[in-house]
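If you look up TrEMBL, you'll see 1-30 marked as signal peptide. Taken from TrEMBL, the feature domain 'SpaA-like prealbumin fold' applies to 328-412, 418-502, 507-592. Taken from TrEMBL, the feature region 'Disordered' covers 598-624. As annotated by TrEMBL, compositional bias 'Low complexity' applies to 598-616. Feature annotation from TrEMBL assigns transmembrane segment to 632-653.
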Amino acid sequence: MQHTWLKNLLATGAVALSLLTGGQASQVSAATTTPDVPSTMTFSKGDYAANTDGAGYAMVKTPTGSLNYLISQSYKDSNGNYAYCLEAQRESPIGQTHEKGQLGTDAQYRLFKYGFTAHPASDTAYWNIAGLTNQEAWYASQLVSWVISGNLSWDQLVWQASRPGAFKDGIYAPYGQDAVNRVKAAATLVYNNVMNQKDTANTSFTISADGQTKENGYHKYTYTVNSNQQGTATLNFKNQVPGMKLVDAKGNAITNNTVTVGQPFSILVPTSTPTGNITFDVNGNVSAIVPVVYTDAAQTYQDSLVLIAGLVKPLLANNQANWTRATGKVQVHKVDQDGKSLAGAEFTLTDNNGTATKAVTGKDGLATFTITEGATYSLEETKTPAGYTGSFKQAGITLANDCQVFSYTAKNTLNKGVVKVHKVDQNGKSLAGAAFTLTDDQGNQQKATTGKDGLASFNIVANRTYTLEETKSPAGYTGNFKQAGITLANDGQVLSYTAKNTLNKGVVKVHKVDQNGKPLAGAEFTLTDDLGNQQKATTDKNGYAEFAIVANRKYSLKETKTPEGYTGSFEQDGITLANDGQVIEISAKNNKNQKNVVKPVKPTTSSSTTPAAPVAQKTGTMPQTGDSNNHVAFWLGILLLVIGLGFGGFAYYHKRQSR
């Protein structure tokens, strides 16, 4: 009968790893310890035998050339596991109790691992022999047991059931030749594995460091206790670290510091722990599976080979995990909108305990902080450089590796604003066309001209001092504006100024005189601007009449009433003011009225009815009124007067003739 527990134990091999522990290579092996096994063993009959009519599946060739039968009866130990006999010439110890002898060899250990004990005939994947039975698999393994114990050699085996002529049919093979062939194939497989594989019966016990990481605020040291046997191990820590944990591969806490052989576990040390180490021993408690020889003191029965499970308690002392609390840097670079480094920015670094550290950027725009492992930091800009706007905050800064540098760029924008100037006249009315120049303290200039709304705007930035000056007044206006020391205090600030101009004013002064230059009072003049607005004035005794005028208007001056007794007219168009305070003087001349006698012309005695041409009347020259601009009007008046007199004389003459 096959025992599953034995098969599983035999499938376990020795494992040896060499990884990093606390930054150093570490692998410790415990010395081989002889397990505790029963001192005696009682055997019982097994299920299989190869002794039908004294024949088996093979024979052994002696040094003399004779062939001896190899027959056997299977038997089991006290635990119900199959044992192998070591002496082919003796009887099987069925019902016998034997004493514990020496430990078996590695080859004998491999016999159990690769023979029938671990692989019944049903394990076709292993045997790959069609029709193989458990009896055949057992017998093949028993043959190998005799060979490796030195009872006989492999080369002595003859694969036949009996000697020729021993039986009437010549060659007697009670199990059949096919059975002999299957046993030969099975024995060959077991023998090759036993001789060529390297499995050992010794109990190996090591601890390997599987890696070191940092997770969730802990130094994580992962180990595995390895053995070619099953069992547990207890960790004995020689020093304690506050906050330390012992967890399994899933992160679950391990109770009593006891781990399972072959299962990884981890020691967690808070990363905030100062540089140091932890030392621990590993105390093993493992099952040892070893081949043991039980002997018959009387040498009557076969010595027996049994695979026994015992208990081994190896020690792995002074294992050590080392760590260094990592330090790093947080560096922030303060720049403006163009990437230029800015000095004077203050940054504050605060850890998760509320401890704050401040630093101010230098000319290179850099501020640097030292941080340590196991803390979480927040970096914040707490003061911006003068004249700049912006903010910076970075939370959740944690150090993962020693000497790690966290680099950040914090950008500020230079404060910007507007200078706005409003150009108005004396009445607060917006004026277009005023030119302004804004000059900064580096000599850079901006120019702008007011629009219909009277406004001119300039963009300014912080950290500059500006002067605003009116460099050209609107046409027809007088005034100037200058504002020095303009600086921007806040981002988006609008600095507003009002620049007032006064509309240029002047006077139109008309002097009314007669033909002799004598001033005339009582002449009415009307001054009309291009908007239709009128002013009237009458000359005083000095012959003067005055009108107030302003720039940017065109005026027309017209005499609308002449002094009594005088004849003449005056009109002057296109009068404009060129300069503030200008007096435009105009002279207007009238002629005094005179009586002119017209003598009738005596008609001739001619019988003709055609009237005689009128006699030209001699009249005095009419005096001119006004300046050279009125010559045309003057001569037109004279012409009309002459024509009128002519027609008058003709009418008078015709009337006289009709009488």
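Backbone N, Cα and C define each Cβ position, glycine as well.
Just so you know, TrEMBL annotations never went through curation; they're auto-generated.
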Helix, strand and coil residues within the domain 'SpaA-like prealbumin fold' (418-502) as assigned by DSSP: 0 helix, 48 strand, 37 coil
Structural state census, the domain 'SpaA-like prealbumin fold' (328-412) (DSSP three-state): 0 helix, 50 strand, 35 coil
Local confidence of the prediction over the domain 'SpaA-like prealbumin fold' (328-412), expressed as mean pLDDT: 95
